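K.L.:
The structure's right below; bear with me while I get my questions together.
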Amino acid sequence: MKVLIHGTGVMSSILKEVIEKEGELEISGFADDFTNEKGDMIIDFSHFSRLPAMIDYSIKNNIPMVICTTGYDETMLAKIVEASTHVPIVLSSNTCIGINLMNEIVSKIAPQLRNFDIEIIETHHNRKVDSPSGTAKSLFNVINDALDNEMFLVSGRNGLHVRDKKEIGMHSVRGGSVVGDHSVIFYGDDEIIEIKHSSTSRRIFANGAIKAAKFLVGKKPGLYRMKEVLA
């Protein structure tokens with residue numbers, strides 16, 4: 001399978017290194033913008049501003065996509081969803097196995113802890129510009145879905161604020177070279193349950209993206225998630 005790597009940043013470089021070392025896939029393009037590159041799959045670790053051009057290129061050339069970029073808005077998400085009617089797409093803010101298992105865990109225990117206060121804390125390196133992280137947003141979404149979409153998000157806190165039982169607090173920390181830490185904390189009366197995942201290397205994201213690319217081979221157009229990739 002020939003892979004087009006969209007983006008030339010740190011994650012794209014790590015993905016390139018992993019693919020070359022693995023030897024199963026062939027890199028046919030490594031760029032921020034595609035012109036005449038041909039390939040069987042696009043793996044995207046770019047910037048949300050570059051997504052529209054990539055999506056248009058994908059549809060024009062009928063190339064499936066693994067989209068790992070975060071920070072896009074609802075308008076961009078709608079474009080991705082529309083594109084999935086033309087080509088198969090895996091959309092994931094975090095392709096590592098551990099985080100996707102964490103999503104499953106918190107979605108299962110949240111209904112049993114309805115009376116607990118829920119907080120999400122995410123920590124990343126000092127070069128990450130978007131906050132909260134796409135992974136933290138995904139954690140909120142799976143918890144909210146499990147709680148009948150009754151919850152609402154509060155990003156950080158400032159000033160006088162009485163906590164509502166229906167709110168989930170979201171907090172972003174930026175510093176140093178942290179690859180990515182995510183915690184979901186359930187605060188009850190006299191007990192605390194914390195589910196935490198720490199990433200110690202970016203290679204886990206590259207490995208997950210490769211797994212997603214292999215999953216898409218032969219798939220019909222549609223929007224797929226890592227839950228389906230790992231099933």
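Using the three backbone atoms N, Cα and C, a Cβ is placed for every residue, glycine included.
When I checked Swiss-Prot for this same protein, it listed these features:
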type     : residues                                               : note
ACT_SITE : His124                                                 : active site, proton donor/acceptor
ACT_SITE : Lys128                                                 : active site, proton donor
BINDING  : Asp33, Cys68, Thr69, Thr70, Ser92, Ser93, Asn94, Thr95 : NAD(+) binding site
BINDING  : His125, Gly134, Thr135                                 : (S)-2,3,4,5-tetrahydrodipicolinate binding site
K.L.:
What other residues of this chain sit with their CB within 8 A of the center of the CB atoms of His125, Gly134, Thr135, the recorded (S)-2,3,4,5-tetrahydrodipicolinate site?
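P.N.:
Output for this site, in sequence order: Thr70, Ser93, Asn94, Glu122, His124, Lys128, Asp130, Ser133, Ala136, Gly180, His182.
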K.L.:
Report the member of His124, His125, Lys128 (the recorded positions) whose C-beta atom has the most other C-beta atoms within 10 angstroms.
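P.N.:
Highest number of other Cβ atoms within 10 Å: His124.
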K.L.:
Among Asp33, Cys68, Thr69, Thr70, Ser92, Ser93, Asn94, Thr95, which the record lists as binding NAD(+), how far apart in Å are the two most distant Cα atoms?
P.N.:
23
K.L.:
Using all protein chains in view, find how many other C-beta atoms are within 10 Å of the C-beta of Thr135 ((S)-2,3,4,5-tetrahydrodipicolinate binding site).
P.N.:
24
K.L.:
Using C-alpha atoms, which one of the binding-site residues Asp33, Cys68, Ser92, Thr95 comes nearest to Lys128 (active site, proton donor)?
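P.N.:
Closest by Cα distance to Lys128 (active site, proton donor) among the binding-site residues Asp33, Cys68, Ser92, Thr95: Cys68.
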K.L.:
These are the binding-site residues: Thr69, Ser93. Which one scores highest on other Cβ atoms within 10 Å?
P.N.:
Thr69
K.L.:
Should His124 (active site, proton donor/acceptor) be counted as helix, strand, or coil on the basis of DSSP?
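P.N.:
Once the DSSP labels are grouped into three classes, His124 (active site, proton donor/acceptor) ends up as strand.
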K.L.:
Just the number: how many Å between the Cα atoms of Thr135 ((S)-2,3,4,5-tetrahydrodipicolinate binding site) and Ser93 (NAD(+) binding site)?
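P.N.:
Per the Cα atoms, Thr135 ((S)-2,3,4,5-tetrahydrodipicolinate binding site) and Ser93 (NAD(+) binding site) stand 6 Å apart.
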K.L.:
Going by Cα-Cα distance, pick out whichever of the recorded positions His124, His125, Gly134 is nearest to Cys68 (NAD(+) binding site).
P.N.:
Gly134
K.L.:
With Gly134 ((S)-2,3,4,5-tetrahydrodipicolinate binding site) as the reference Cα, tell me which of the binding-site residues Ser92, Ser93, Asn94 is the closest one.
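P.N.:
The smallest Cα gap between Gly134 ((S)-2,3,4,5-tetrahydrodipicolinate binding site) and any of the binding-site residues is with Ser93.
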K.L.:
Taking the Cβ of each of the binding-site residues and counting other Cβ atoms inside 10 Å, which one has the highest number: Asp33, Ser92?
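P.N.:
Of Asp33, Ser92, the one with the most crowded Cβ is Ser92.
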